[in-house]
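According to TrEMBL, the feature domain 'Tripartite ATP-independent periplasmic transporters DctQ component' maps to 34-166. Residues annotated as transmembrane segment in TrEMBL: 25-44, 56-75, 95-118, 139-159.
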Amino acid sequence: MNSPTDPAFSGIITVIDRLTGFGNILAALSLFLIFLIIACEIFLRNLVGYSLSFSWDVAAYLMAASFLLAGASALKSGSHVRVTAVGDMLSPQGARWLDMAACLLGLVTCIALTIALTDMAILSWQRGSTSSSVVRIPLVWPQAVLSAGAIILNLQMFAQFLRLLRGEMLSTGPGLE
């Protein structure tokens, strides 16, 4: 087993971690934009009697984007939901093998999600699909952002697997019991 300070895969992991950080920044920006849109909607509706026709659609797209763009960061920091009951009953080596198998299963699942989201975005682009609201937003753009978030999640899942290969323990968030 490699030591946790083993530099193996450091270049790949560093690039993936930077992409993860960028995705997290975009997720935070998405949440801030939701706040601005909803605040403007409340202000305009209550004080001026005017409603922004795009507010709910765009806020929903931004919320979906924030979930997927921040998913990789949650995985990296260990702030996602993780069940450790079985791993706690195993030896450290057995728990590491279980984590590696879980990472590979998670990677396969994330790849399927990415393929589905990317196919959906491509199909929307080919068909020229737009939202059904008054403001006809081309669906390819929010769907492409979801696909990008899923790609970053795939990469971080792969980075987690590489961390396990070089002997690191996975991060656990402060809420893990």
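Cβ atoms are placed via backbone N, Cα and C, with glycine included.
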Interface-richest range of 56-75, 95-118, 139-159 toward the transmembrane segment (25-44), CB pairs under 8 Å: 56-75
Surrounding residues of the transmembrane segment (56-75) on its own chain - C-beta under 8 Å, 6+ positions past either end: 19-21, 23-24, 26-28, 30-31, 33-34, 37-38, 131, 133, 135, 137, 142, 145-146, 148-150, 152-153, 155-157, 160
The domain 'Tripartite ATP-independent periplasmic transporters DctQ component' (34-166) - residue tally per DSSP class, helix then strand then coil: 105 helix, 2 strand, 26 coil
